[in-house]
Amino acid sequence: MSYKSHSHAQWSSRMAFVLAAVGSSVGLGNIWKFPYMTGESGGGAFVLVYLICIFLVGLPMLMSEWLLGRLGQKNPISTMGDITRRLKRSRAWVLIGVAGILGAYLILSFYSVIGGWALAYIQMAVVDTFSGLDNDSVGTLFGNLLASPVELLLWHSLFMIMTIGVVVGGVAGGLERAAKTLMPALAVLLVLLVGYAATTGAFAEGAAYLFTPDFSKITRDGILAALGHAFFTLSLGMGIMMAYGSYLSDDVNIGRSALIVVVMDTVIALLAGLAIFPIVFANGLDAAAGPGLIFQTLPLAFGNMAGGWLFGLLFFVLLVFAAWTSAISLLEPLVEWIEERSPLSRVGSTIVAGLATWALGLATVLSFNIWGDFAPLGMFDKFAGMTLFDLLDYVTSKLLLPLTGLATVLFVGWFMGRDELRSQLNMSDGAFALWRVAVRFIAPIGVVIVFVSSL
Ligand code: TRP
């Protein structure tokens, strides 16, 4: 469903709501980004910090966004405007909504390019490109894709068209129904892949890599990355979950629903890690290969397992689907904002928002080839060697998401009354007290420490 401010529609059921939230949160973040960040940050210690961030910051923050949305019943900017007016708080809090729209736009611009990679891999699976691949050829395959701006552009365009199509048609409802079967299918397929990984001979090594923290390997920047990724993977900090909350009926238990979404999201990410790292180690691949990690490991598995052709095809189809449901949630805020502030219709707004996102996506497309050595902020040590894609990722995950997240928990924790919050959260006194400690102290202090120490 779409979350128009003037139609006070509500989710048809708690199930529909939870599915939509899972659809937004489970995506490339879980299957593409989590494994490669883990590999770049040295494994177990990163995973542990990530899990701590998810449960101590992400979960309370998800609940905060939902309850703000349910109180405001509007889009994030108007919601923050209404609530601040009613509570006589500074209008500056509205910046949370503004930063959210900007961030969602920046994220979608590169998200769509990676969604395009997954589309390209569907096509490769269809023509049976994976069979018999070895370490070298799997790298070449990926390298050739990245080296071709035209090809990347075509797949990126197709992914954007798919996303625009759903948002224009308002057929997100149909997509949600599909999500009901496809999300579980994705989980089952990941479990099967983990089963395959168990036969590679390096399963223990892969599992130990993920779950044995070696703190000598993690840097401050790695900790900030884990924090930022906790926001990214749960779709937090961009007002998206706030918008979803605005359609929430009063009887839905926010705490329990948030726990379901967080656990599902985490399980999918860990399964992806458990499927990928044994393959990495069994084949002597580089765990720190970066954004290409899943595209350079899984095809190797598909190419060498019985029925791998079908597995590969199914996997990339489901990956695209997961990315698609997330991409829709990223486009929606910008579309709404344009629609509210311009004479354009819903369709017109969607096309303008989509085109603007598509255009910025060119920066990411070119970052992997022609502009591969172009580091716009290279004069600063911190950004040395970072391409435009790296910068977009940095600005969103390491700046915008943590900062808007911080603002949200500060607002909910310190500028809203206890009774109002209590009435929104139908949970035991003990759980409520715990949530409040997290929102007032743990989350903000954690974000500030991590943020400041990495600068
Ligand atoms: N959570 C999605 C993923 O993991 C990406 C995403 C969708 C997102 N909506 C978002 C990230 C809002 C940040 C904010 O793939």
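Placement of Cβ uses the backbone N, Cα and C atoms for every residue, glycine included.
Any TrEMBL annotation is an automated prediction that lacks curation.
In TrEMBL this protein carries:
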TRANSMEM  45-71  transmembrane segment
TRANSMEM  92-114  transmembrane segment
TRANSMEM  153-175  transmembrane segment
TRANSMEM  187-211  transmembrane segment
TRANSMEM  223-247  transmembrane segment
TRANSMEM  259-281  transmembrane segment
TRANSMEM  309-331  transmembrane segment
TRANSMEM  351-371  transmembrane segment
TRANSMEM  391-416  transmembrane segment
TRANSMEM  437-454  transmembrane segment
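The recorded stretches the transmembrane segment (92-114) and the transmembrane segment (223-247) share 3+ CB pairs below 8 A when only pairs 6 or more apart in sequence are counted, and are therefore in contact. Most Cβ pairs under 8 Å with the transmembrane segment (223-247) belong to 259-281, among the candidate stretches 187-211, 259-281, 351-371. Remote same-chain residues near the transmembrane segment (351-371) are listed as 105-106, 108-110, 112-113, 146-149, 152-153, 156-157, 160, 163-164, 167-168, 331, 334-335, 338, 344, 387-390, 392 (criterion: CB distance under 8 Å, separation of at least six residues from the stretch ends).
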